[in-house]
Amino acid sequence: MATARRRKIVAGNWKMNKSVPEALALVRDLRGQVASLGDTVEVVVAPPFVALQPLHVALEGAPLALAAQNCHWESSGAFTGEISAPMLAELGCAYVIVGHSERRQLFGDTDEQVNKRAKAVRAAGMTPIICVGETLAEREANQTLAVVERQVRGALEGFGAKEVAGFVLAYEPVWAIGTGRNATAAQAQEVHAAIRGLVERLYDGETAGRVRIQYGGSVKPDNAAELLGQPDVDGALVGGASLKAGDFAAIVKAAT
């Protein structure tokens with residue numbers, strides 16, 4: 001497999017948290033804490049939809065990229081309550097999270113729908129952060145790698161090597177999200193290496209060497225350095241800890 005120096009990417013998924021004033025205060029604080037890092041780590045924040053436009057304005061010139069937490073696969077139409085990828089691009093989003101376990105578990109997102117969302121994101125000129133991961137029952141049944149492979153294959157269906165090389169994949173074991181439990185560094189590395197190996201089989205070594213794979217699942221300041229120190233862990237998708245500027249900044253610094 002071709003080797004590549006991959007720039008770490010740390011993204012904060014705020015989920016359904018923070019009012020617009022709270023969101024503005026958080027990024028103002030965060031901006032000050034990560035400014036000294038320069039461009040060594042790519043930092044991304046994914047606030048609720050209502051905060052995207054205000055944050056786009058507030059983040060002008062800042063070393064912080066904006067992400068949305070989901071999108072519909074159609075560009076427009078009679079889809080009450082949905083938001084399209086082109087709309088998100090207009091708001092300054094560089095990334096869109098697709099396939100998050102909460103979307104799969106709570107809203108029934110399928111591998112096919114994740115693929116359609118990813119294609120819409122790409123068509124709108126943004127980069128998908130494609131989430132995959134197993135439940136506790138699947139891990140205990142030794143199905144982790146099979147489940148993750150199915151999800152990765154489904155999400156990448158129809159994409160070419162050059163596109164995939166620029167994507168971000170995120171391994172987030174469902175049993176570790178919001179539970180306080182997290183995969184060990186060795187467990188994370190095993191799955192990340194398997195994902196990279198799958199990308200090599202599906203495409204080629206260069207693509208596998210360039211695609212970035214984040215770990216998500218109870219990432220905190222006290223475990224970030226060990227997780228991010230693994231050779232195939234290229235960053236973190238952070239939930240609860242991203243709601244506190246100090247905690248999130250500490251995770252970002254652990255990625256340097």
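The backbone N, Cα and C atoms fix where each Cβ goes, and this holds for glycine too.
Among the features that Swiss-Prot reports, substrate binding site is placed at Asn13, Trp14, Lys15, Gly178, Ser218, Gly239, Gly240, with the record citing sequence analysis. According to its DSSP assignment, Gly240 (substrate binding site) is helical. Cβ neighbour count for Gly240 (substrate binding site) (all protein chains, 10 Å cutoff from its Cβ): 19.
As annotated by Swiss-Prot, active site, electrophile applies to His100, with the evidence given as sequence analysis. When Cβ atoms from all protein chains are considered, those within 10 Å of His100 (active site, electrophile) total 28, not counting its own. His100 (active site, electrophile) falls outside any helix or strand according to DSSP and counts as coil.
Summarising the annotation, Swiss-Prot assigns active site, proton acceptor to Glu172. DSSP classifies Glu172 (active site, proton acceptor) as coil under the three-state reduction.
Using a 10 Å Cα-Cα cut-off from Glu172 (active site, proton acceptor), the recorded positions that qualify among Asn13, Trp14, His100, Gly178, Ser218 are His100, Ser218. Note: Lys15 (substrate binding site) has non-local neighbours Pro48, Gln69, Glu102, Gly239, i.e. same-chain residues 6+ apart with C-beta under 8 A of its own C-beta.
The Cβ of Trp14 (substrate binding site) has 22 neighbouring Cβ atoms from other residues within 10 Å, across all protein chains displayed.
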